[in-house]
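According to TrEMBL, the protein carries these features:
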type	residues	note
DOMAIN	55-258	domain 'ABC transmembrane type-1'
TRANSMEM	7-29	transmembrane segment
TRANSMEM	49-81	transmembrane segment
TRANSMEM	93-117	transmembrane segment
TRANSMEM	123-143	transmembrane segment
TRANSMEM	175-196	transmembrane segment
TRANSMEM	240-261	transmembrane segment
């Protein structure tokens, strides 16, 4: 029986690995030959569908969304774990809500953002509408990962710190935070990854303008949106494939950065 289970495990692991290699290989083979310097020029035109405005817009969306979501998400996670208490029905309700919102399709957030920010608030298709929508979309993810990271810290460490005379805040900053930091960072990196690959939510809030936004009330398009629009139009398939290569590299960099930061903070917490 154990040999059969081991065989199934190896088989499905091999299939998963082969699928991953095939996807990455397809993206690289179809996109790398079409990567040219013109695709990274600052101006988009019908003759040169440059992705540079989309790259800059993606950075704006990531930076603005995290600037809003991280403080609220991390502090909410700390409150729920460190201050609200374990047997609090209010806390359980919030956790159910965050788990539910984490699984909500992004198109729902896009429709909400369009109704709330584009129409009701009058921001139109703009950077600020996309930032607010993305921040709301990744907020439950950051809250839940922060909670899980904090709950992974043993209560005995907290009690030992209290026994030595340390207060609540000192215990949090000196004991809890260094140990929980890798998990918190993982949640933030996951949030970045979701924003980078998002299309539906931003299509209805940010828009698909090819120009570089000159203010928070200007429209634009992220790298994923740029790739989607080029693919759907059918006129620049080669450039869309090249954009896919850049997106793949961005994801690899994000994952590598997540691993490096987690290892660094883990070593710092152990020291």
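Cβ coordinates come from backbone N, Cα and C, glycine included.
If you look at the transmembrane segment (175-196), the same-chain residues 6 or more away from its ends with a CB under 8 A from one of its CBs are 58, 61-62, 65-66, 69-70, 73-74, 77, 82, 134, 137-138, 141-142, 144-146, 148-150, 152-153, 157-158, 161, 166, 222-224, 247, 250-251, 254-255, 257-258, 261-263, 265-266, 268-269. Stretch with the most C-beta contacts under 8 angstroms to the transmembrane segment (49-81), considering only 7-29, 123-143, 240-261: 123-143.
Sequence-distant contacts of the transmembrane segment (7-29) (same chain, at least 6 residues past either end, Cβ-Cβ under 8 Å): 241, 244-245, 248.
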